[in-house]
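Only one structure is covered here, and it is reproduced in the block below.
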Amino acid sequence: IHTTNLCSKYVQCTDGSDEYNCFVDGKLKCFQCLDGKLIISPKQVCDGVVDCYDLSDECICENKKVCNEVLGNSKGVCNQGTLFCNGTCMKAESVLCNQSINCGDNYLKYCTSTQAEESSLDKILCRNHIHMLHAGTRCDGIVDCPCLNKEWGCSSGYDEINCSNRFYCSNDSNSFKHISPSQKCDGVVHCDNGIDELESLCGATRFYCLNKEPLSVSLDQVENGIHDCTDGSDECPANSNRTSIFSSPLEMIGNPFLRALFWIMGLLALFGNLAVFLVTIKQMVKPVNLPVKHACLWFVANLSLSDFLMSVYLLAVSIKGLQFSSRYCYHDQEWRSSQLCSILGALVVISTQASAFILTAMTTFRLISTFNPFLTRAVSRAWYIMPVLVFWCIAVILGMFPLLELNSVYFVTGVWFPNYFFAKQKVGKAEMNEIAKTISQLKSQYNYPINWPDT
């Protein structure tokens, strides 16, 4: 099938192999250029080398130096997919990295190889004087020159010995089993004996997953909020650098005294406020209550209800902390971005705001009773019931308003965006705006959302 059909979310192969292993924690294992012409490795994205004809592997990056230098005079002059060369706009694939066309150094400066180099006629002659090979095949890890004479000192391939720019899979430089230095310590075992991924060799640049799936990840992927190791061990290293006011790598509430206090206060508040609420309601239903007493009971019942909500929060946090005990760093990002955590946060706001409003109403009622005791003796129930109900409505609105997606623009400053374009996984709103603009320009079939800042 065509490469553009890989990881397209539509199965093209009968065995479904074109859609296997496409995503790792929300990120594609391969990067498809936005013009759909090439699929490249994620390591080639934002690496300072032009790989896509439309420059999408370098133009969406946080550092746009390569993109800006290559585009140069083409900006505002040529359409997307073309570059300015010799007074005219030419197709990018015929201009980029092509030494046969003199269009300036900017189109060659950021290439790993050029078309002219690839068509080079340089040759090498094997020691058997029979095989003539392209110079580029020397030291490529594939035997092309067989060793027909033991005196030549090579066990297999003459063209694959004494390659100083290669990593040998054994201590014998006459062995042809060697790999590119870029394949050493890349998390994938290339040597049969696994020497290219030994922890003693790569420990300074790699983190080794506890379950070895994958074997290791880059250090910049450690504690980035994404489970790059399937067991999540990269988010919970032994030498964690993560700091928090309340949490520790192992416990959601790091201080054991505070952790115990949460349980004690939560249980006392739960049963205490529940008992007060039930007793108060029982007193309120008696028909012989005086207006002043009924008003006081009303205030106490609502105050106990608001404090009861706080006890629910304290116990819920304590239970989740117990659930994550000794492994909190594995769940930190997932928990803090979960809907339940947001709901508990809203519960705290509702509880505190309602308690403050009700205490204010109680204080006001007592003040009026002090200055004009005869007025409160015959006070109508509507005068103290309605304000409390209004206060509850205000508290609920204040607590729930941040949860509304419609208004997230006011409360969200960035997004958690697994990507290959930025060194960080948390991207600010302004940066996401810039990404959307760039993608819309590179991929013309999509329209840029005009109301992006409001969505």
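Cβ atoms are placed via backbone N, Cα and C, with glycine included.
Summarising the annotation, TrEMBL assigns disulfide bond to CYS46-CYS61. According to TrEMBL, the feature domain 'G-protein coupled receptors family 1 profile' maps to 272-404. If you look up TrEMBL, you'll see 260-285, 297-319, 340-362, 382-404 marked as transmembrane segment.
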Mean per-residue pLDDT computed across the domain 'G-protein coupled receptors family 1 profile' (272-404): 90
CYS46 (disulfide bond), number of other Cβ atoms within 10 Å: 23
Chain-internal residues, separated by at least six, CB under 8 A from CYS61 (disulfide bond): VAL45, CYS46, CYS67, PHE421, PHE422
